[in-house]
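Comments concern the structure below.
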């Protein structure tokens, strides 16, 4: 993978080879883009009036300075975009929500373009405030916007996509949001279930329990409150934001299924019993046994009832000392599989070098777009099954297959083949490419499981294509591209502009790099002497993960 830097405003990875002016726009767009009413949902109460303050047009913060801020919007990674009254200088503040007035301390200055601040206290709450159901929402980092009404969450996600398309993609805002039926930017598709929607959660065992982070108003140092009287500070939960070695102890999670919560509760109840001799892995000393607890929920395709897989990731293979945990969690009727991945490396990955089935079967199943998928402990699968069904239907509609079996589909970044297999029923042939060999193996297995014979899956790195790429399959009529967060490499952009497929459906999990790539495909890349040859026909934002900053987009491009 190419060297990259992280944009804290857009959440995008700015890779080497991206023109500098594009990198700057990716970095600054969330701060400078004006807000405008979105078509959905209904407007909320007007924001409270700003507190009186002297204009500070030339304001530049100092490290450690305590300031009063007003949060105006959300940046892509969920940080509040805040300003001092009368100033245009942007401070990003975790936990700040649009409309909120707050006191914060300046923590980091970022090359003079913006700063990061730590929230100290709220002066006036945001106008779309709701009570977060989870008591850990403010500290966990996973559900940053749980205290923001869901209608406001999706409104701000819509605005982020719109602003990125205008400022990074260089698309005409009048075309994006016109009242005509051919308006490019469509209303955001909300998620019907805003809790209990995740089919996979990964928890970590740790030796350092992290409870709460606060900032003193008169001192610069961070204050961490930890519970006393906990056995050696052991914890099972989620990594504290910005810490690889500290774990926030979690008793229940409102994002995972109820059967998965039952599993977590049983493990929490017994794993720290000294009589069992179970120890969490210490990431500093590289000693200890338990590394991760992964819980996946699927469906029995015959009965429709939940199936739960529990995967213990350990530093060595000692099944005997795991059996008390196994015996207790298998009393839960939905648990049909208990797996042990053994990872002897010092890294933090949950994928093991060896995998053992301790109970039940080695995989669970799930249904998506009428197809059956087998899910193993380390398989990639969309983590919100119901909303993935909605997303894939939008992809199918955007692809516009004739249905007569005459068209070639090229599925780039195909993963385990879910999108390509859903389209194969109406296509002549689907060719899928993916860099991860395990995902390609799963894609082939899923094709066989569903008796699909017109799909070919190839392992290959789409960031390293050469002149021979494309010679092993016919010219595609439709290209599906579903890249990871960094977006598409310039080599692939160049190939797409040369092959000139009639339609491209770009599926994005990062609207910042999506807007950049759409700009390249439609408007060209002057620095590379590449001419754009596509017209952007539609962009549909889809909320796959409520209470988080993540946004999916389905974009349709047609050859001019």
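Numbering starts at 1 and runs along the chain as displayed.
A Cβ is built for glycine as well, from the same backbone N, Cα and C atoms used for every other residue.
Taken verbatim from TrEMBL:
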ACT_SITE  509  active site, nucleophile
BINDING   382, 413, 434, 482  S-adenosyl-L-methionine binding site
COMPBIAS  36-53  compositional bias 'Pro residues'
DOMAIN    60-119  domain 'TRAM'
REGION    36-59  region 'Disordered'
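The structure, with features from TrEMBL marked on it.
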residue	record	contacts (Cβ under 8 Å, 6+ apart)
382	S-adenosyl-L-methionine binding site	368, 388, 391, 418, 544
413	S-adenosyl-L-methionine binding site	433, 434, 462, 481, 482, 483, 484
509	active site, nucleophile	484, 485, 550, 551, 552
What DSSP reports for the domain 'TRAM' (60-119) is 0 helix, 33 strand, 27 coil
Residue 482 (S-adenosyl-L-methionine binding site) has its Cβ surrounded, within 10 angstroms, by a count of other Cβ atoms equal to 21
So residue 434 (S-adenosyl-L-methionine binding site), by the Cβ count within 10 Å over all chains shown, scores 26
Over the domain 'TRAM' (60-119) the mean pLDDT stands at 87
Residues lining the S-adenosyl-L-methionine site besides 382, 413, 434, 482 (CB within 8 A of their CB center) are 380, 411, 414, 415, 416, 418, 419, 483, 484, 507
For S-adenosyl-L-methionine, with binding residues 382, 413, 434, 482 per the record, max Cα distance (Å, no decimals) returned as 16
